Amino acid sequence: MVYGWFITGFFTMFVALSMAEICSAYPTSGGLYFWSYHLSGREWGPFASWITGWFNIVGQWAVTTSIDYSLATLIQEIILLSTGGANGGGYMASKYEVIGIHGGLLFIHAVLNSLPIGWLAHLGMLSAVWNIVGVFFLMIIIPVVSPRKATSEFVFQHFNTENTHNIHSSPYVFFIGLLMSQYTISGYDASAHMSEETKASDKNGPYGIVSAVSISLVVGWGYLLGITYAVTDLNHVLDPSNDAAGYAVAQVFYDAFKNRYGSGTGGIACLGVVAVAIFFCGMSSITSNSRMAYAFSRDGAMPFSNFWHSVNGWEVPINAVWLSAGIAFIMALTSLGSQVAFQAMVSIATIGLYIAYALPSLFRVTLARKTFKSGPFHLGPYGVIIGWVAVLWVATICVLFSLPIEYPVTAANLNYTPVAVGGVFLLVILGWLFSARLWFRGPVSNTEVKPFTL
């Protein structure tokens, strides 16, 4: 976790830098699929745009699903601990109640995103302050309050291969463990999708992409260290029979205060800080989703496009907002039938999204290598090298995150990520062959785009 975060962040920075350079050249709310169109040339542009756009929007919907569902399970955990914990008669919400909480969160996020963009800007500033202050608060308070601290040897040298999944190869465990870091450092294409509502977007859009990754890399590492120093019994934290029913971070917070003060109330309050941060994250995810859906439907790439790209009196793409929330709710319904199916669906949030991130970079370093005209933010002669590193890193994680996570492999524990991502790819290709190739000509020119608000 400690070193994997840095490795993931290091290579993700290459992806962000390559995206930022392209964003500076083509600042529009379409973002990735718009870039792919212009970087692939007249012949391949529509097809490249179609594939990139659908992987991007489906990946974004999966991200929103996972964010709000994780918040719903965190609320479930807070309720459990607040009512006595798993060992003290605490109330554990059912999967139907969790999906209800998930739906309620999506409804609130859709309502907030239906407000004028000026209101969202203020909420965005509040979100930024809350995340920065909250992270620094938690990374300090948890290890300080905890009466017992882990040693630096444990934090920086202990490598845990003990698990119930019959995986004992250290390299295998390490590389599989990169998934959570890679999932966390995503969504930074939001700055591109907000380009038409951003002043000097050819500069501020790229800076937003790069700063999102760089700040997360540094501050996130501090947060991980703070929590890890509070872990003195790893087996207890991971034990499904503990007070938090195996919810590791919740148990760390709860134990820190309970072991010092005899009550875990302070730990529950700290979980509340995390919950608010995730709430703001979900709100921002809907914002990004809706702008992508707005742009994609404006270019006629979605069914009923005229309906989805309409804006209300506040110049907000209102129908795209509620579409994003509705699909995120539908995707989460798979959790009622099978957690395996749900995990496969959510896996698109990482691999599907990163495929969309890598495609414009691939086209920039191949088809557009000699014709690409950079904007104010450019990488100079290093742009091609950085682009290739970004593409190769995404190819690597696509393989790593498709590997089995338990042995022996059965239908119940099979990693269905390749099936889910392959299914999306197949549907996108079929959609192109039997329909879109006859009428989809790619996104409108950047000069033809009329921003819906300034």
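Cβ coordinates come from backbone N, Cα and C, glycine included.
TrEMBL lists 1-25 with the feature signal peptide. The list of residues near the signal peptide (1-25) in space but at least 6 beyond its ends in sequence, with Cβ under 8 angstroms from a Cβ of it, reads 31-32, 35, 39, 155-156, 174, 177-178, 180-182, 185, 188-189, 191-192, 195, 202-203, 205-207, 209-210, 212-214, 216-217, 220-221, 224-225, 228, 354, 357-358, 360-361, 364, 372-379, 383, 386-387, 389-390, 393-394.
Among the features that TrEMBL reports, transmembrane segment is placed at 99-121 (among others).
Taken from TrEMBL, the feature transmembrane segment covers 128-146 (among others).
Same-chain residues lying 6 or more positions outside the transmembrane segment (166-186) and placing a CB less than 8 Å from one of its CB atoms are 1, 4-5, 7-9, 12, 63, 66, 159-160, 213, 216-217, 220, 349-350, 353-354, 397, 400-401, 403, 405-408. Taken from TrEMBL, the feature transmembrane segment applies to 166-186 (among others).
Among residues of the same chain six or more beyond the transmembrane segment (207-231), those with a C-beta under 8 A of the stretch's C-beta atoms are 1-2, 5-6, 9-10, 12-13, 16-17, 19-20, 23, 132, 135-136, 138-140, 142-143, 146, 149-150, 154-155, 184-185, 187-192, 194, 198, 237, 249, 252, 255-256, 377. Feature annotation from TrEMBL assigns transmembrane segment to 207-231 (among others).
Counting residues 6+ beyond its ends, the transmembrane segment (261-282) has Cβ neighbours under 8 Å at 64, 67-68, 70-71, 74-75, 77-78, 81-82, 85, 105-106, 109, 123, 126-127, 130-131, 134-135, 137-138, 141-142, 145, 243, 249-250, 253-255 in the same chain. The feature transmembrane segment is assigned by TrEMBL to 261-282 (among others).
Among the features that TrEMBL reports, transmembrane segment is placed at 316-334 (among others). Non-local neighbours of the transmembrane segment (316-334) in the same chain are 60-62, 64-65, 68-69, 99, 102-103, 106-107, 109-110, 113-117, 286, 289-291, 293-294, 297, 307-310, 341-342, 345-346, 452-453; each lies 6+ residues outside the stretch with a CB under 8 Å from one of its CB atoms.
Per TrEMBL, the feature transmembrane segment maps to 340-359 (among others).
According to TrEMBL, the feature transmembrane segment maps to 379-403 (among others).
Residues or ranges marked as transmembrane segment in TrEMBL: 415-434 (among others).
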Is it true that the transmembrane segment (415-434) and the transmembrane segment (99-121) have 3 or more Cβ pairs under 8 Å, skipping pairs fewer than 6 apart in sequence?
no
State the residues, same chain only, that lie 6 or more residues beyond the ends of the transmembrane segment (379-403) and have a CB under 8 A from a CB inside it; answer 'none' if no residue qualifies.
11-12, 14-15, 17-19, 21, 172, 175-176, 178-179, 182, 347, 350-351, 354-355, 357-358, 361-362, 364-365, 369, 372, 415, 417-418, 421
